[in-house]
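**Q** Just lifted these from TrEMBL, have a look:
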TRANSMEM  6-25  transmembrane segment
TRANSMEM  45-65  transmembrane segment
TRANSMEM  71-96  transmembrane segment
DISULFID  CYS137-CYS158  disulfide bond
Amino acid sequence: LSFFVSFIFQLGGCGILGVGIWLAVTQGNFATLSSSFPSLSAANLLIVTGTFVMIIGFVGCIGAIKENKCLLLSFFIMLLIIFLLELTVVILFFVYTDKIDKYAQRDLKKGLHLYGTDGNIGLTNAWSIIQTDFRCCGVSNYTDWFEVYNTTRVPDSCCLEFSENCGLHSPGTWWKAPCYETVKIWLQENLLAVGIFGLCTAMVQVQFNINFQILINC
């Protein structure tokens, strides 16, 4: 039973790693919007998480097969660390929601200055896709781009009807919605419930494994 639980845990890690690799291969040009954390993309997060979960599951499987108390105890400790990290992240997120919003907007505005520059094709593509798909412009509003270009213009992805150099036209031809609030509302409507359910499920699973490992080690 201990081997089966550990094996399921490892399979979950394989699945997460597979999705991360698929995103990296198929969506490689869609990178992070953050200038402070250029490697913080969905693909990279999934790859790191999947690898970490796989390693933990492997330790549990070997410990169960060999009936090695040291490995089983290591498996238990790593599960406990995951549970405490999840709990800490959830608490900090709800306590510092306003501060997180302010920091995120400030960091995104800083990242606008990297738009279209050499070596930042991922960030450039990400902003172009978001502004086109969500029909928005800038972080707070389209005037965020004025500071980037030092003139009254926006990227062509902000235009109501796309055409070459349409970002040089009048503001009446640009999207007015702020991207940060638009994407945030979309996430709240579509992913908040799913995310909470997934996080609660993960915490329940980890807690079950912790209790199970306590019984085994006892």
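Heads up, the Cβ atoms here are built off N, Cα and C, so glycines get one too.
For each feature listed, report its degree of burial, its nearest neighbours and the pertinent distances within the displayed model.
**A** Long-range neighbours of CYS158 (disulfide bond) (same chain, six or more residues apart, CB within less than 8 Å of its CB): GLN131, CYS137, GLY138, TYR142, TRP145, GLY167, TRP174, TRP175.
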**Q** State the non-local partners of the transmembrane segment (6-25) in its own chain: residues 6+ outside its ends, Cβ under 8 Å from one of its Cβ atoms.
**A** 42-61, 63-64, 75, 209
**Q** Taking the Cβ of CYS137 (disulfide bond) as centre, how many other Cβ atoms lie within 10 Å?
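**A** Other Cβ atoms found within 10 Å: 29.
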